[in-house]
Amino acid sequence: MALKLYNSLTRQEETFEPLEPNIIKMYVCGVTVYDYCHLGHARSYIAWDTMRRYLIWQGYQVRYVQNFTDIDDKILKRARETGSSMDSVAKRFTEAYFEDMKRLNVLEADEYPRATQNIDRIQNLIHDLEKKGFAYSSGGDVYYQVREFSQYGKLSGRRLEEMQAGASGRVDSEDLETAKKKDPFDFALWKAAKTGEPAWDSPWGKGRPGWHIECSAMVQDCLGETIDIHAGGADLIFPHHENEIAQSEASTGKILARYWLHNGFVTINGEKMSKSLGNFTTIRDLLDQPVDPMALRMFVLTAQYRKPIDFTEEAIASAKNGWNTIKEGILFPYQYGPKLGWEMPAKNLSDQTLLLTSYLEKFQKAMDDDINTPAALAILFELAKDLRREGNVLIHEGKTETSLEELKKQWVTLVSLSQVLGLEVKIEEQVSNISEGLSNIEIESLIQQRLEAKKAKNYSEADRIRNELQSQGIKLIDKSGGLTNWHRN
């Protein structure tokens, strides 16, 4: 089965075919660095990181570029509010972005172009659009002339005539004169300098670039005139991505991207996330509660990337449980290896012969279906639960039902596929994760103490021990004859 992706441009799923064999050029719109990243950012960058990981796993060389918008009205507003400079605000929140993404196990991009580092390229692109009749200057500003681009609206499906009808009565000649535009739908490529704001010299006077032109210039500089994948949140379809297409394609005469991909929104308890509603949650606030970063990543992956996802306490609790199941499977040889004679399991990961083909095929089928991560997770759960069952059998019967060689195959397959989804237990955490919980010997000792308490009719003590074990994620199953089985939840 070939990889199929939903292309926002054509509004249908298409078989993915790269421009060049085995090479993929991918551009993702990055953050405007004026505040800490929120759950919407987590959803977006985990989604594209997962897609990138899968493409690499499939053997592609992925050239992944993601920009930073480091000059913008929001950054300037934040600088004024905090009495600092635009550069210091941008630097602070760029560093915060990297900290958050590292915790979420999002791979770094191959390149992070910044708007302020590409002023010359931006000006050259604006000048080219002006020469070709797609842009005009007006009082120090430069605007894109939307009606000159006949395909405007092809991504968003919006028609100028419909937008104009919707705007009727809201734009009059005085507004147009004030805005210095020929048409209310024209948008700024270059903004004339304002007192106290950063500005650069240009053929149109001192000023700074508009938002949309930045990405067009950086895509061309880093990846060329036509790329394979352009991705971002669904909120960027209009006007940002629509305007990018208008700028780039008017300049080059070539399509900007073959595939336009957009991730769905995050809601909080069914409501749109916003500061005004008081339900705005940053990544770091959530992780500092603490929520395991991999549980947050798991939460994002439980929905296919194009679908909306609702953040609730129940959803994050379910994601925590899901991650604990997979983590337990990943830690299986570190916990049970000594009893099985399984030494240095990490060495097995490089042995491709240990990968179970049937699971690989099911995983690939799921991911080829427009990166269907919920279906892919189901395959990981199947492997992890099999390993959990074998661990419980080993504890109670002293041996596993499955051979060591087969257990190795299940484990290597689980770890390999988990890595494709970015779900990993760091090496330095492997021992500590086991030691954080009760050891098997400690559990058996407490069960024996509970049995003795019950024999002495000290039921309050027996209940206390049961509750203590339950708080540690240990479920007890009392059998006839005074036997108690247990397993980790």
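Sequential numbering from 1, following the chain as shown.
Cβ coordinates are placed from backbone N, Cα and C, and glycine is handled just like the others.
Under the heading Zn(2+) binding site, Swiss-Prot lists Cys29, Cys215, His240, Glu244, citing sequence analysis as support. Listed in sequence order, Gln66, Asn67, Cys215, Ala231, Gly232, Gly233, Leu236, His240, His241 are the same-chain residues six or more apart from Cys29 (Zn(2+) binding site) with CB atoms under 8 A from its CB.
The ATP binding site annotation in Swiss-Prot covers Lys275 and rests on sequence analysis.
Same-chain residues lying 6+ beyond the ends of the motif ''HIGH' region' (31-41) with a Cβ under 8 Å from its Cβ atoms: 68-70, 72, 74-75, 77-78, 89-90, 92-94, 96-97, 100-101, 233, 265-266, 268, 273, 280-286, 311. Annotation source Swiss-Prot lists motif ''HIGH' region' at 31-41.
What Swiss-Prot lists as motif ''KMSKS' region' is 272-276.
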Just going by other Cβ atoms within 10 Å, which of the binding-site residues His240, Glu244 has the emptiest spot?
His240
An 8 Å radius from the center of the Cys29, Cys215, His240, Glu244 Cβ atoms defines the neighbourhood of the Zn(2+) site; name the other residues of that chain inside it, in order.
Trp211, His212, Glu214, Ser216, His230, Gly232, Leu236, His241, Asn243
Summary of DSSP states over the motif ''HIGH' region' (31-41), given as helix, strand and coil counts:
3 helix, 2 strand, 6 coil
Look up His240 (Zn(2+) binding site) in the DSSP assignment and reduce it to helix, strand or coil.
helix
Give me the count of other Cβ atoms within 10 A of the Cβ belonging to Cys215 (Zn(2+) binding site).
27
Assigned element (helix, strand, coil) containing Cys29 (Zn(2+) binding site), judged by DSSP:
coil
